Amino acid sequence: MKKIQVFDILRILIALLIAFFIGFIIILLVSEEPLYAFKLFLVGPFSSLRRIGNLVEMTIPLIFTGLAVAVAFEAGQFNIGAEGQFFFGAALATIMGIIFKIPAILHVPLALLGGIVGGGLVGGIPGLLKAKWQVNELVSSLMLNFIFLHFSLYLVNNHFRDVHTGIMASWKIEETAWLKQFIPGTRIHVGVFISIIMVIFTYYFLYRTKWGYALRMTGINKDFAIYSGINVASVIIYSQVISGALAGLGGAIEILGIHHRFQWQALPGYGFDGMIIAIMAKNNPAFIPIASLFLAYIRKGAEVMNMMSDVPAEVVNIIQAIIIFFVTAEAFLSKYQHKLVVKEVTTNG
């Protein structure tokens with residue numbers, strides 16, 4: 001199947017070239033210095049240590065939500081609730097970071113555990129509803145986003161709000177709960193290593209354990225899974241719990257590593273980005289970091305171009321959308337892929 005794998009890589013590269021070409025045409029129409037603006041988009045994210053740091057910082061939460069959605073997708077489930085899971089996990093981690101006064105060796109794991117439990121709880125609800133009463137998980141997980149958005153805001157704004165700040169934000173978490181930032185001039189923190197560990201863990205779980213096998217078989221063919229003796233109801237529940245826990249952990253790490261206080265008043269968008277990333281990575285945990293870095297790269301490039309050129313923010317958003325559209329288009333060049341599969345099967349007998 002090597003030819004097919006090479007074709008997939010070529011398909012993505014061709015899609016990128018077409019998307020960047022269309023993006024350049026748009027820039028050409030709206031900018032007085034299109035070459036300079038396009039250069040900013042391409043190389044801007046790498047033009048300084050601070051921007052490289054921003055790129056890595058943006059990638060970390062995307063890895064977690066990408067993994068979260070990929071696990072659900074592999075089980076044949078939808079998880080539109082990664083946004084709420086990320087948000088609630090961040091809120092619980094913040095609360096754990098504020099109320100406990102314990103050494104860092106205990107405080108960091110406890111705060112991270114708060115994020116995992118919070119996200120897993122939110123994720124488990126649509127899984128349980130689907131397994132027991134066949135409630136559509138797409139609808140239930142989407143609605144839970146808004147339920148836990150407002151529940152989180154109620155907790156933070158009414159019980160842990162720092163009234164001395166000019167914004168709606170929580171108290172700062174104790175320094176013992178902070179994730180260490182280790183590159184001067186950036187905010188890159190040890191959460192980057194935790195994200196790598198979770199990529200390895202998720203890959204191992206999906207492809208090297210019996211629970212992962214049951215999850216993937218349920219996603220491929222639910223009826224066959226039932227016939228094979230797999231407890232599909234159990235798979236639906238634990239796949240959603242794991243998915244939610246990963247998203248919640250991502251929210252916790254974002255608070256402990258970057259913000260050190262809860263100050264979101266709306267859903268930050270990482271959960272919805274996770275769906276884009278999972279689709280780009282074809283639900284393979286090994287490719288999630290690459291897809292996350294790519295999405296962070298085009299976001300940062302667009303930000304730099306918007307700040308330092310005459311390209312309006314609205315046009316920047318259009319260019320981002322076009323690039324994502326082409327890269328995630330499953331049907332792009334599918335006719336040629338089908339011919340390649342037929343040819344390879346015929347050749348190999």
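We number each residue from 1, going along the chain as drawn.
Keep in mind that glycine also has a Cβ here, set from the backbone N, Cα and C atoms.
Predicted, not measured: the structure shown is a model, and the values here were computed from it.
According to TrEMBL, the protein has these features:
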| type | residues | note |
| --- | --- | --- |
| TRANSMEM | 12-31 | transmembrane segment |
| TRANSMEM | 51-73 | transmembrane segment |
| TRANSMEM | 85-104 | transmembrane segment |
| TRANSMEM | 110-129 | transmembrane segment |
| TRANSMEM | 138-156 | transmembrane segment |
| TRANSMEM | 188-206 | transmembrane segment |
| TRANSMEM | 226-253 | transmembrane segment |
| TRANSMEM | 315-333 | transmembrane segment |
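No contact links the transmembrane segment (85-104) to the transmembrane segment (188-206), because fewer than 3 Cβ pairs that are 6 or more residues apart lie under 8 A.
Three or more CB pairs closer than 8 A are found between the transmembrane segment (226-253) and the transmembrane segment (110-129), so contact between the two stretches is assigned (pairs 6 or more residues apart).
Remote same-chain partners of the transmembrane segment (12-31), defined as residues 6 or more beyond its termini with a Cβ less than 8 Å from a stretch Cβ, comprise 37-38, 41, 309-312, 315, 318-319, 322-323, 325-327, 329, 332-333.
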